[in-house]
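Over in Swiss-Prot, the protein carries these features:
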ACT_SITE  E250  active site, proton donor
BINDING   W105, H144, R224, K229, H230, G254, D318, R365  substrate binding site
BINDING   N143, E182, D195, H230  Ca(2+) 1 binding site
DISULFID  C52-C60  disulfide bond
DISULFID  C171-C184  disulfide bond
DISULFID  C260-C304  disulfide bond
DISULFID  C454-C488  disulfide bond
CARBOHYD  N162  N-linked glycosylation site
CARBOHYD  N357  N-linked glycosylation site
SIGNAL    1-25  signal peptide
SITE      D318  site 'Transition state stabilizer'
Amino acid sequence: MKHNEVFGWTLKVLSFLLVVIPANALDKHGWRKQSIYSLLTDRFASTNPKPCNPEDREYCGGNWRGIIDKLDYIQGMGFTAIWISPIIKNIEGRTKYGEAYHGYWPQDLYTLNPHFGTEQDLIDLADALHDRGMYLMVDTVVNHMGSSDPRNIDYGIYRPFNQSSHYHPMCPIEQDKPLSLEQCWIGTEDMTLPDIDTENPQIIETLYNFIHDQVKQFKIDGLRVDATKHVRRTFWPGFCESAGVYCQGEEWTGQADLFCEWQEYMDGLHNFPVQGVAAESVIPLNDRALRKTAIAMNLVAHHCKDSTLLGLFLESQDAPRLAALNNDYTVLKNAMTLNLMSDGIPIVFYGQEQMFNGSHDPVNRPALWDQGYNTDGPLYQYTSKVNKIRRDLINSEDGEIYIRSITHAIMIGDHVMVMYKGPVITFITNYGAVDKEYLIKMPGSETMIDLLTCTLIEVEGEVMRTSIKKGEPKILYPYQLAFRDGFCQEQITLQEIDDVFMGRNEINGPDRK
């Protein structure tokens with residue numbers, strides 16, 4: 001069936017489908033203001049914790065009740081939403097790649113994963129979040145089902161798509177061919193994922209009704225959509241409209257112009273063009289990575305319809321932990337600052353705040369209970385501080401201007417990036433604990449204050465001089481606005497700049513009038 005015919009059927013389905021937005025659900029504008037803590041349900045918290053060896057690739061016992069018990073830990077860092085693993089029943093047993101503890105090998109769309117808990121457990125999790133003013137984002141998989149044996153697939157185990165005719169014919173994916181990406185099967189010769197025929201009108205209707213009912217039943221506020229690019233683009237607007245909530249899709253490409261095309265079909269996307277280079281910027285002696293990050297941020301801002309609706313992340317279950325690339329705490333603080341203060345909705349992966357250092361799957365997916373829920377750790381405390389600054393900026397008198405402003409990034413040398421977002425100027429460095437001083441020329445004469453240290457930075461004439469000490473990040477805000485909005489109500493200090501420059505650069509900032 002041709003895509004235009006399928007699109008026509010999609011519109012017909014939607015005309016008959018009653019779309020009810022859940023009472024607690026956020027629209028895309030509400031999600032723009034959130035800060036998301038992403039977690040693997042099986043590895044974050046358990047009501048019966050046991051030692052977990054991630055290299056075994058087995059279920060370790062994490063569950064929804066465990067998450068409820070640890071919401072104080074998440075909220076203590078300032079996060080306002082969580083993103084949990086797919087909730088539906090997956091295939092059982094061991095495959096060549098282990099068990100389906102991650103949730104991405106579905107078997108039954110209408111049954112919850114019993115390893116994670118009951119229907120009531122999931123509803124209680126949603127209620128517990130909403131009672132705190134927090135929100136629930138659920139990962140969803142509708143591109144494929146799971147199979148442990150690609151040579152002998154038993155379609156009868158799947159629900160509701162239990163016939164081979166419900167799937168595209170098996171074929172290997174060719175990455176440079178869009179139709180192949182959409183209709184061929186993800187996997188290897190040892191394990192493959194049967195690709196659902198999302199061109200079939202009856203299947204479209206089934207999936208749209210499924211997600212509508214699931215969101216309503218379990219009080220879901222937003223969806224993370226797996227394998228977005230492996231389903232034709234025109235499928236997604238109807239899917240998200242049926243859900244009645246904000247969707248954030250996985251379109252894994254580093255090319256900003258191609259990436260941004262997808263925002264015509266889904267409001268939210270994981271910001272892969274920025275993530276790919278920003279994560280590399282923590283690698284020691286990687287002189288060009290931070291510059292590439294600034295370029296990527298500006299390209300995404302230019303090409304995308306609205307970069308403030310994207311999800312900005314640096315760690316994930318598919319990527320090395322940042323501390324595996326560099327365990328310098330100062331560098332990781334800067335990375336967290338970038339993660340939380342750039343355009344879009346911040347997403348922090350569980351354990352990032354504890355400086356997990358797994359370099360690859362599966363060792364980058366340990367159980368948090370084995371490491372401990374240390375709320376006194378330096379990066380946990382720092383994450384809480386920056387999240388609070390972001391939240392206070394959003395709640396300020398000019399909060400809407402701030403959160404909707406598009407970031408413009410410029411570089412000073414190879415190791416300092418300056419991000420301008422509305423009235424906020426954020427300095428990010430990646431050279432570690434080294435003293436340097438940078439002379440920034442800016443129009444106007446506003447005294448600024450560093451919201452991280454409550455240090456005043458005076459502007460003389462049209463020149464602001466600010467000293468970056470030991471590679472520390474900075475979040476600058478006009479002092480008059482800070483006073484009005486209640487920032488830094490305790491002790492304020494005046495910046496001291498050494499007379500001897502260990503490194504000096506000059507740059508003209510953009511006109512911010």
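Easy rule for this one: first residue shown is 1, then count along the chain.
Keep in mind that glycine also has a Cβ here, set from the backbone N, Cα and C atoms.
Feature map: annotations from Swiss-Prot on the structure.
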| residue | record | DSSP (3 states) |
| --- | --- | --- |
| N143 | Ca(2+) 1 binding site | coil |
| N162 | N-linked glycosylation site | coil |
| C184 | disulfide bond | coil |
| D195 | Ca(2+) 1 binding site | strand |
| R224 | substrate binding site | strand |
| C260 | disulfide bond | helix |
| N357 | N-linked glycosylation site | coil |
| R365 | substrate binding site | coil |
| C454 | disulfide bond | coil |
| C488 | disulfide bond | coil |
Substrate binding residues W105, H144, R224, K229, H230, G254, D318, R365: largest Cα-Cα distance, in Å and rounded to whole number: 26
Lowest local Cβ density (other Cβ within 10 Å) among disulfide-bonded residues: C454, C488: C454
Rounded Cα separation (Å) that holds between C260 (disulfide bond) and E182 (Ca(2+) 1 binding site): 18
Greatest C-beta neighbour count within 10 angstroms, which of the disulfide-bonded residues C52, C184: C52
Spatial neighbours, same chain, of G254 (substrate binding site) - Cβ under 8 Å, 6+ residues apart: F272, P273, G276, V277, A296
Which of C60, C171, C260, C304, the listed disulfide-bonded residues, has fewest other Cβ atoms within 10 Å: C171
C52 (disulfide bond) to R365 (substrate binding site) - Cα separation in whole Å: 10
Distance, N162 (N-linked glycosylation site) to C184 (disulfide bond) (CA atoms, angstrom): 18
C60 (disulfide bond) and C488 (disulfide bond), Cα-Cα, nearest whole angstrom: 44
